[in-house]
Amino acid sequence: MFLKKPISASIKICWEQQVERLKNEIETSDAIVVGAGAGMSAAAGMDYDGERFEKNFSDFHKKYGIQDMYSGGFYPYETPEEYWAWWSRHILINRYEAGAGKPYGNLLELIRKKDYFVITTNVDHQFQLAGIDKKRLFYTQGDYGLWQCSKPCHQRTYDNEMEIRQMAARQKDMKIPAELVPHCPVCGAPMTMNLRIDTAFVQDEGWYAAAERYEDFIRRHMGRHVLFLELGVGSNTPGIIKYPFWRMTAENPKAVYACVNSGETLCPPEIARQSICIRGDIRQVLEDIAQKD
Ligand SMILES: [Zn+2]
């Protein structure tokens, strides 16, 4: 991959100038590839810990010592009734009751008239809620609104809204009624979330179609002035967005890599001259760009 250790942006330019540079790139590039990770939804107020967690999961905290919504999703609950009590609550607040977060709306406003494509590891449906053209979106890791067979015996996903709302409404003492535990309509095995947690993740027809559209978009813009705009991508799965963005920037002298993150903003020295690294609040950056018009 890259030869040298990544470094922080070599020159410390003031916030104002960096935002100006990014705005200019958004306006002048031939195409924009947005890569969004967990930091984008955190900037939208979808916190998975703290007050928002306590408000909805204090009973799970008390019983199991769970401290945030990420870890709670991996907890090996004793019964399916308890497992679905957790998940139905989690999905309800993060998928069905959440509106589109402000940074998502601001971002789409900025790129709406451009030739763009979005790839995301987020599973909370925020891009769709904000009104993205679905043909320009590839959500690689699943969606809270979908179920699949846990085996899986077949490669299909199922909408879960009606069932999730029932589970959330009818649960008591951290358990849903046994008759609401969902089973695969084909083999009878338990259903599970369509989230890439292990190799059982189902990639259905829609997933493959989106993957193909993404690859096609990249191919069509090869060698052009492309802005790779990385927003809130952490270091959990860098192989999906971050590393490919670095590589594609390195391979194309006309490409620009921009990284906005409240945590680490790194880029390899090979592409430092083509990079804009802004360490700060994504929400603030997008608002500042929008207001510069
Ligand atoms: Zn099955």
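Placed from the backbone N, Cα and C atoms, the Cβ positions cover glycine too.
Annotation comment: TrEMBL describes 12-293 as domain 'Deacetylase sirtuin-type'. What TrEMBL lists as Zn(2+) binding site is CYS149, CYS153, CYS184, CYS187.
What TrEMBL annotates, mapped onto the structure for a quick look.
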residue	record	Cβ within 10 Å
CYS149	Zn(2+) binding site	24
CYS153	Zn(2+) binding site	13
CYS184	Zn(2+) binding site	20
CYS187	Zn(2+) binding site	12
Shell list (Zn(2+); ref centroid = CB of CYS149, CYS153, CYS184, CYS187; cutoff 8 A):
SER150, LYS151, PRO152, HIS154, PRO185, VAL186, GLY188, ALA189
Where does CYS149 (Zn(2+) binding site) sit in DSSP terms: helix, strand, or coil?
strand
Can you give me the average pLDDT across the domain 'Deacetylase sirtuin-type' (12-293), rounded to a whole number?
95
For CYS187 (Zn(2+) binding site), which of the three DSSP-derived states applies: helix, strand, or coil?
coil
